[in-house]
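Here is what TrEMBL records for this protein:
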{"type": "ACT_SITE", "residues": "D16", "note": "active site"}
{"type": "ACT_SITE", "residues": "E77", "note": "active site"}
{"type": "ACT_SITE", "residues": "D150", "note": "active site"}
{"type": "BINDING", "residues": "D16, D150", "note": "Mg(2+) 1 binding site"}
{"type": "BINDING", "residues": "E77", "note": "Mg(2+) 2 binding site"}
{"type": "COMPBIAS", "residues": "191-200", "note": "compositional bias 'Polar residues'"}
{"type": "COMPBIAS", "residues": "206-225", "note": "compositional bias 'Low complexity'"}
Amino acid sequence: MTATEDRGGRRVLAVDPGLTRCGFAVVDMSPQRTGSFVHVQVSGTKAHEALERRVLTIMETAEELIERFRPDVVAVERVFAQNNAPTVVGTAQATGVVIAAAARRGIPVAWHTPSEVKAAVTGDGSADKESVNRMVVRILRLDAPPRPADAADALALAVCHGWRGGVAGVNAAEQTSTHSGSRPARPGASATLTPAQQAWRQAETASRSSAPGRGRSGGRSRLVQ
């Protein structure tokens, strides 16, 4: 058990995957859903490097951060098909080594779509990047917006999972038959929702009503362009 979990909270390692740039963020989330910034970094590889070396670099970074920060859960942005096939393949390759690093250590992996993250953080699943950045700054009490974009993506993803894990009755595993999502709230957790979470719950309900039986894929664009 990590020190964060022992205090009743949870530590989230969030990953915005990619071979050229891979964003990693660590956030501590209290039982009251107050997020605290711990760490953020963007690790990159060069396009001219051998693929096996690029993948190894991402894997070693993930392993080093897991050992250093001892997260309770790893949250990863779900991959969607894009027009740029090399980009989506590279993203999938980076995702694979990250989740393997977590699995090797018995750490659960959660998956979130870009629109889920936007809705959880801002209350609007179609929010623009500036709105997301402003909310991340406010939620984590940062001095300035996170840079580069991959760092902002990862921090927003960490907040999303931290809040979803504390919302009573929410379980993203119901939304997809191929991936497990964030876990439902632990017994005794407060069911009080923030305004952004209330908006997100309403958006989720509307999405289910309009497209029964389908997961909320959200948009095909990434969280922060």
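Note that Cβ sites are derived from N, Cα and C of the backbone, with glycine treated the same way.
Taking the Cβ of D16 (active site) as centre and 10 Å as the limit, one finds 30 other Cβ atoms among all the protein chains shown. Around E77 (active site), taking its Cβ as the centre, 26 other Cβ atoms fall within 10 Å, counting all chains. Within 10 Å of the C-beta of D150 (active site) there are 27 other C-beta atoms, taking all protein chains into account.
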